[in-house]
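The structure under discussion appears below in the form of C-alpha cells.
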Amino acid sequence: MSSHADSKPWTVPALAQAKREGRKLVMLTAYDAGFARTFDAHGVDLILVGDSLGMVVQGHDSTLPVTTADMVYHTAAVARALDRALLVADLSFQADATPERALDAATQLLQAGAEMVKIEGAGHKLEVIRYLVEREIPVCSHLGLTPQSVLRFGGYKVQGRGEAGEQLRRDAQAVVDAGASLLVLECVPTPIATQISADLSVPTIGIGAGPGCDGQVLVMHDMLGLDSGHRRPKFVKDFLAEGGSVAGAVRAYAQAVRDGSFPDAEHAYAA
C-alpha cells in the first residue's frame, strides 16, 4: 500500500510533497466505478479517466472520436467510487483548442468529480494551461507521444530522440512555468525522461519513459493483460499473470512501481 496515509485522500500539494520525499506515485486509468473502487482500495494514488477510452472501451482506432460528453460520463462514474486516489480527467480532442473551450470542458469535468484535467502538448497550449490555472483549475500536462497528435506524428512512435530531446526538456519546463502541477511523459527515451524529472519541481509520471520518472501510469487493460485490439506496446507488462486476481494485479503493479522494479530496461526505450 501507499506510504501516504491510507485514510487520507491525495491532494495536489501532496503530490509535490511525495516528489520531495522520493516516494513513487502509482497511477492507473479507469473508466467505471467497479474497477476504480478496486484500484482505489489496493494502493493506486491517482486515477486517470483517459480519452484512451475511445480505443479500449468504445473500440475506435484512436482517441480522436472521444467527446467532452463521453469524458464527463466516465469521470462521474469513476468519481463516485473513490475515497483516496486523486482523479485526473483528459480534455478530449480539440476541447482545449482555445482557452475558453478548455475552461468550459474543464468546468464540466470538475463538476463531474475530477480534481485535475490533463492537456496534451505545449506550444499554444501554454496559454490554455495558464488560463485554467489562473481560474483555480489544476492541470496535468502530457508531453512526448501525445495520442491526439497521432496523425501529425504518423503513428505511435517514440518521441524525444536526438535534438528533439532538448526541445522536450524546454517544453517540460515551459508547461511547469505555465502552472502545470503534474507531467505525464509518454514514449520518451529513459535518459531524457530521467533528466526532465530531475529538472522539474513537479512530479513526472512515465508511460514508456523508464524508471527515472517520479511515478508510472498504465492503461488498465494493458496492466491486466487484456486484448485491446491494438498492438501491444513495449512498455506494457501483464500484472494479472503474477497477481492472480484483479486486486492482486493492482497490488503487484503498485509494489513494482514503488520499489523501482517496474519499468525495467525491457519495458523502456533507450536513447
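The chain as shown is numbered from 1 upward.
In case you wondered, yes, glycine gets a Cβ from its N, Cα and C as well.
Swiss-Prot has this to say about the protein:
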type	residues	note
BINDING	ASP51, SER52, ASP90, LYS118	3-methyl-2-oxobutanoate binding site
BINDING	ASP51, ASP90, GLU120	Mg(2+) binding site
ACT_SITE	GLU186	active site, proton acceptor
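Overlay of Swiss-Prot annotations on the structure.
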residue	record	Cβ contacts under 8 Å, 6 or more apart
ASP51	3-methyl-2-oxobutanoate binding site	THR63, VAL66, ASP70, MET71, ASP90, SER92, PHE93, PRO147, GLN148
SER52	3-methyl-2-oxobutanoate binding site	THR29, THR63, PRO147, VAL219
LYS118	3-methyl-2-oxobutanoate binding site	LEU48, GLY50, VAL88, ALA89, ASP90, LEU91, VAL139, CYS140, SER141, HIS142, VAL184
GLU120	Mg(2+) binding site	ASP96, HIS142, LEU143, THR146, PRO147, GLN148, SER149
GLU186	active site, proton acceptor	HIS142, LEU143, GLY144, LEU145, THR146, PRO147, GLN159, GLY206, ILE207, GLY208, ALA209
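Classification of SER52 (3-methyl-2-oxobutanoate binding site) by DSSP places it in coil, neither helical nor stranded. For the recorded site, GLU120 (Mg(2+) binding site), the DSSP three-state label reads strand.
The local packing around ASP90 (3-methyl-2-oxobutanoate binding site), expressed as other Cβ atoms within 10 Å of its Cβ over all shown chains, amounts to 33. Shown in sequence order, LEU48, VAL49, GLY50, LEU53, THR63, VAL66, MET71, ALA89, LEU91, SER92, HIS142, PRO147 are the same-chain residues outside ASP51, SER52, ASP90, LYS118 whose Cβ sits within 8 Å of the Cβ centre of the 3-methyl-2-oxobutanoate site.
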